[in-house]
């Protein structure tokens, strides 16, 4: 029995990766010093592997993103970056003004840079797999280089702004791409490499027979090399085609669902290759029941075990956590502990005897009363009392807003002063009273500024919040937050996913104090600001023994209690942010109806407000076409969307959907850019939307929250936005 592992987090126990990378960007350290820091992290990762598994991956420490590394390897550097000059060009592609687009890696919370393919000829530009292999070999460590496979690389790429996913688009490009991979693999083998770990997660996507024909051709071309092909995040789309590939070993994910297992039982597994069973969950931080997993491995007849998917979706180690709720720590395993589980599982399968940990969750942190409430929800819990047209009439009378009402999405700049005061409060250097007085002062300034600029619907600014999910996690029962449970989101940006470990309930109001204070300062409506249940769940870890639907409904009920408290306090508009509504959808579209049924119900349960309360939803993605029918079923009154990058073209989704009657907040300002948008640029977007929607349905707002921007960018941009709204009103009212 062999133990494999892959995708160990590169960030270091104390985010050493982030510090070194940002210091290098700021010019505080030289390239040589940066490389030294990276080498320390490389050794740390490999030492953890060496203690626990048999096959040690190399080429796993990317300086920004492993898909970007692959693009550089095969010479896919867009012309606008000029001649490739090492790290300076590499980081220009990642984060300069001309940077590549960034999007989610499959349905995970990791973001990758989308390669832009401008040519049909690839060539070997930089052989990082070989460099890394030789780095470890020089230290006497034999490794197996980890690479993104050619099919997945192309599947994740775009040409002229469109995905390269149709078989006829891929065929010629794959031929050229494979020649580069051949060259890379030849050089590795020439230098003594005995195994190459090729990652092909795209094999689990909705692929046609023509795709599998291409994949078979690719791997016939590469059949002379010692390849282990890894698939993960779901079951492979065509099991029989996949197991027929001429490779030495195949890794399947047996954690995400049971389809790979069912296919293996039905069709068997070929004798000419070995099965690597992905049985230790790489996406959730729970300890496994090793006896149960061992019996699955035996049932599979696997000759090797591994994690189900990359471990970089987990924090580095549990060792630094000292403040978790009682009984929780012993039920958890982060990346380092998952490696230890693999070692323990291998030892157990080889007949070694020892006490296995008890990981029973049966009655852990369960609130039976709350569970029963969720299980017995009446059907009308998921529908508002009146239909939208009736609600709209009531709300227009109550709010009396002008045409083209203006608002922002919620957060205002978190200045160094705000962050410093929060840090002081958390360290106990200032009292709760001092901190709350400071927050009140920030809210007062924000309300005064919005009044002066002339916005129609105001926000309190969210100065008391670090993160839109962590803020609520800290206030809800059944959710724990960590001290050092950092996970990489993209580049050097890390976040700490909360852990949903028990029944989720709301012990007391979470946002009432700040929102009602803000409302007391103005006659204009101030929005209540809440994060939706699907996003709280999607950006957290959650129990595997409780159905996802049930967890989402528990959170939704807690959010709905907050909505009701805000209504009671006289708040007329409540916004529920659901950026994860689309991204949590399964990879395979055949599973969408089941997911969207409970995701829609969860939002509607949270949003079940009085008819006179205007519910806003905020979703910041750029492609609504695929999910417009599901969005239409959500019980909001206004939805705000990102429209600036597409110059308003996103509205085509609503144009093609017959019967759209709800209001839309059009994002006219790309908040990811420091540039102040001109009135002309904003007007162009609104005019595009007016070709589709009547003027009565249009709101004007930025794309997203303004937390990461500076006040000197925010104020002129908001002034331009309000000036545009006034201009549009005059045009239509004259």
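Note that Cβ sites are derived from N, Cα and C of the backbone, with glycine treated the same way.
All chains included, 14 other C-beta atoms sit within 10 angstroms of the C-beta of residue 672 (active site, proton donor). The secondary structure of residue 672 (active site, proton donor), as reduced to three states from DSSP, is coil rather than helix or strand. Taken from Swiss-Prot, the feature active site, proton donor covers 672.
Around the Cβ of residue 494 (5-methyltetrahydropteroyltri-L-glutamate binding site), 17 further Cβ atoms fall within 10 Å across all displayed protein chains. Taken from Swiss-Prot, the feature 5-methyltetrahydropteroyltri-L-glutamate binding site applies to 15, 16, 17, 18, 104, 493, 494, 539, 583, supported by experimental evidence.
Per Swiss-Prot, L-homocysteine binding site is recorded for 409, 410, 411, 462, 577. For residue 410 (L-homocysteine binding site), applying a Cβ distance below 8 Å and a minimum sequence separation of six or more within one chain yields 459, 462, 527, 529, 575, 577, 618, 705.
Residues or ranges marked as L-methionine binding site by Swiss-Prot on the basis of similarity to another entry: 409, 410, 411, 462, 577. For residue 577 (L-homocysteine binding site), other Cβ atoms within 10 Å of its Cβ number 24.
Here Swiss-Prot flags 618, 620, 642, 704 as Zn(2+) binding site. Listed in sequence order, 579, 641, 642, 667, 703, 704 are the same-chain residues six or more apart from residue 620 (Zn(2+) binding site) with CB atoms under 8 A from its CB. DSSP classifies residue 620 (Zn(2+) binding site) as coil under the three-state reduction.
Across the structure, residue 494 (5-methyltetrahydropteroyltri-L-glutamate binding site) and residue 409 (L-homocysteine binding site) are spaced 23 Å apart at their Cα atoms.
Residue pair residue 583 (5-methyltetrahydropteroyltri-L-glutamate binding site) / residue 672 (active site, proton donor) shows a Cα separation of 19 Å.
Between the C-alpha atoms of residue 104 (5-methyltetrahydropteroyltri-L-glutamate binding site) and residue 411 (L-homocysteine binding site), the distance comes to 23 Å. Around residue 104 (5-methyltetrahydropteroyltri-L-glutamate binding site), taking its Cβ as the centre, 16 other Cβ atoms fall within 10 Å, counting all chains.
Listed in chain order, the residues near the L-homocysteine site other than 409, 410, 411, 462, 577 are 408, 459, 468, 529, 575, 618, 704, 705, 706, 707, each with its Cβ within 8 Å of the site Cβ centroid. Considering only the recorded positions 409, 411, 672, residue 17 (5-methyltetrahydropteroyltri-L-glutamate binding site) has 672 as its nearest partner by CA-CA distance.
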